[in-house]
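Asker: Starting off with a structure, shown below.
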Amino acid sequence: MAQELMFEEPRRGKPPRHLADFDAEGRASAVAALGLPPFRAKQLAHQYYGRLIADPRQMTDLPAAVREQIAETMFPNLLTAAREVTCDAGQTRKTLWRATDGVTLESVLMRYPQRNTVCISSQAGCGMACPFCATGQGGLTRNLSTAEILEQVRAAAAALRDEFGDRLSNVVFMGMGEPLANYARVLAAVRRITEPPPMGFGISARSVTVSTVGLAPAIRKLADERLGVTLALSLHAPDDELRDTLVPVNNRWKISEALEAAHYYAEVTGRRVSVEYALIREVNDQPWRADLLGKRLHRALGPLVHVNLIPLNPTPGSDWDASPKPVEREFVKRVRAQGVSCTVRDTRGREISAACGQLAAEGG
């Protein structure tokens, strides 16, 4: 039986408030409520975003007498690493996190020669019900708070610095969940990821990618924020008949609406849109679908689009499989023939279920 779409999270308790949930005004108010001088707000933000410290007991520039109080009121331990697994000769690491209410989620840290990327979750589970995705099949548990999202980024940045003497360069909202279904918290997280310390982590907006299955009104809204992040549209089919099944949100917003919203995003931001297409053997890999994909994208976005073909990653209980390499090569050739840039994504983490569509937060 097909999963139902879920745009609203089930009602459940909220995570405790954390420094990372607050903007500058909120931090000032929280510090004032503790009876501390205003400069402590900036000091705490610098420790968290600049020095990547999440435990006030390690903040030696704070008076010892207030560290415990600050720890209890502004730095709850939101996420605990329940399990870590690695592959790709240690270059890919998947972390299973457990939140304070027992909810689990996953993030993936990937090291490349020229960049370091963390793939983060915006929801525990996902309500978009895509049948080829392990996360979507599990349903939506709840939205993550802004701080829970940012803690995944801070932990990755701290691990890179402490273990490898390196810096985090890229953040992709391609883990568990539909980012634009948790719009306000994801937006706040993006702002803090891109603002320079002490207001944020100082990662270039051009190095932040927000993916979506095609929530057209939210794509337009994100464009109007003018943040300059990369938009990744998970399309997976060029025709509504197939996409209605592969990406059920297509029953709400058709391909034409998603592409019109993507065009608006490209027009407003000047940024090229990335289109994600999981290539599934004998499902969406036919030559005519490659031709149609190229034509529709060229018509809608011109040069402001790039197609990432993703060989389907296996998920438990699924009979679907990745397309053979010759089919993949022909698909790329046909999309390019329509004047659209197209490459096959380097898939990392498949053997530890850390690749696209495999995150399910099981075990731990």
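From the backbone N, Cα and C atoms, a Cβ is placed for every residue, glycine too.
Below are the features listed in Swiss-Prot for this protein:
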| type | residues | note |
| --- | --- | --- |
| ACT_SITE | GLU106 | active site, proton acceptor |
| DOMAIN | 112-350 | domain 'Radical SAM core' |
| DISULFID | CYS119-CYS356 | disulfide bond |
| BINDING | CYS126, CYS130, CYS133 | [4Fe-4S] cluster binding site |
| BINDING | GLY177, GLU178, SER211, SER234, LEU235, HIS236, ASN313 | S-adenosyl-L-methionine binding site |
| ACT_SITE | CYS356 | active site, S-methylcysteine intermediate |
Asker: Considering only the recorded positions GLU106, CYS126, CYS130, which residue has the minimal Cα-Cα separation from GLY177 (S-adenosyl-L-methionine binding site)?
Answerer: CYS126
Asker: Here are some binding-site residues: SER211, SER234, ASN313. Which one has the most Cβ atoms within 10 Å of its Cβ?
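Answerer: Sorting the candidates by Cβ neighbours within 10 Å, the top entry is SER234.
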Asker: I'd like to know which of the recorded positions GLU106, CYS126, CYS133, SER211 sit within 10 A of CYS119 (disulfide bond) at the Cα level.
Answerer: GLU106
Asker: At the level of the C-alpha atoms, what whole-angstrom distance separates LEU235 (S-adenosyl-L-methionine binding site) and CYS130 ([4Fe-4S] cluster binding site)?
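Answerer: Between the alpha carbons of LEU235 (S-adenosyl-L-methionine binding site) and CYS130 ([4Fe-4S] cluster binding site) there are 11 Å.
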Asker: Round to a whole number and give the Cα-to-Cα distance in Å for the pair the residue listed as 'active site, proton acceptor' and SER234 (S-adenosyl-L-methionine binding site).
Answerer: 20
Asker: Among the binding-site residues CYS126, CYS130, CYS133, report those whose Cα falls within 10 Å of that of ASN313 (S-adenosyl-L-methionine binding site); none is a fine answer.
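Answerer: Of everything listed, what lies within 10 Å of ASN313 (S-adenosyl-L-methionine binding site) (Cα to Cα) is CYS133.
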Asker: Provide, as an integer number of angstrom, the distance between the C-alpha atoms of SER234 (S-adenosyl-L-methionine binding site) and CYS130 ([4Fe-4S] cluster binding site).
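Answerer: SER234 (S-adenosyl-L-methionine binding site) and CYS130 ([4Fe-4S] cluster binding site) have their Cα atoms 11 Å apart.
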Asker: Give the distance between the Cα atoms of GLU178 (S-adenosyl-L-methionine binding site) and CYS126 ([4Fe-4S] cluster binding site), rounded to the nearest whole Å.
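Answerer: GLU178 (S-adenosyl-L-methionine binding site) to CYS126 ([4Fe-4S] cluster binding site), Cα-Cα distance: 6 Å.
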Asker: By the count of other Cβ atoms within 10 Å, pick out the sparsest of the binding-site residues CYS130, LEU235.
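Answerer: Relative to the other binding-site residues in CYS130, LEU235, CYS130 has the fewest Cβ atoms within 10 Å.
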Asker: Can you tell me how far the Cα of CYS133 ([4Fe-4S] cluster binding site) sits from the Cα of HIS236 (S-adenosyl-L-methionine binding site), in Å?
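Answerer: Rounded to the nearest whole number, the Cα-Cα distance is 12 Å.
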